[in-house]
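Heads up, the thing below is written out as structure tokens.
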């Protein structure tokens, strides 16, 4: 059996560009792509924390070290500059890989879209 699992997540990145007339996609700083184990043309889901929008597109390379998160084409209508987003990708993982310890790559971002930390799991949610 295969399971559809979270593979990659870039958490709380700020949108830096919205390019309506650029060919559709989301340009992501190459440093962030690599840290999250994402590749060019990979399908990604984007969840806008500010307005609740959820949509899918594909990743393209943004300038390395720039902090770029550019929503292009129709995706540009789903966010405004400065909105915080979660970028995620999923993969089909078989039971043997899961049993062998397969883990996702979770990347946490600071206010300048620079990496502030990594994890390989989502913590258990508790009551506060």
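Any Cβ shown, glycine's included, is placed from N, Cα and C.
The model shown is predicted, which means the values in this text are computed figures rather than measured ones.
A simple way to gauge crowding: the CB of residue 25 (pyruvic acid (Ser)) has 21 other CB atoms within 10 angstroms, across all the protein chains here. According to DSSP, residue 25 (pyruvic acid (Ser)) sits within a strand segment. Residues or ranges marked as pyruvic acid (Ser) by Swiss-Prot: 25.
If you look up Swiss-Prot, you'll see 25 marked as active site, schiff-base intermediate with substrate.
The substrate binding site annotation in Swiss-Prot covers 57, 73, 74, 75 and is backed by sequence analysis. Contacts of residue 57 (substrate binding site) defined by a Cβ separation under 8 A and a same-chain sequence distance of 6+ are given as 24, 25, 26, 43, 44, 46, 71, 72, 73, 75, in order along the sequence.
Here Swiss-Prot flags 58 as active site, proton donor. In the three-state DSSP reading, residue 58 (active site, proton donor) counts as strand. If you draw a 10 Å sphere around the CB of residue 58 (active site, proton donor), it holds 16 other CB atoms from the protein chains shown.
Around residue 73 (substrate binding site), taking its Cβ as the centre, 16 other Cβ atoms fall within 10 Å, counting all chains.
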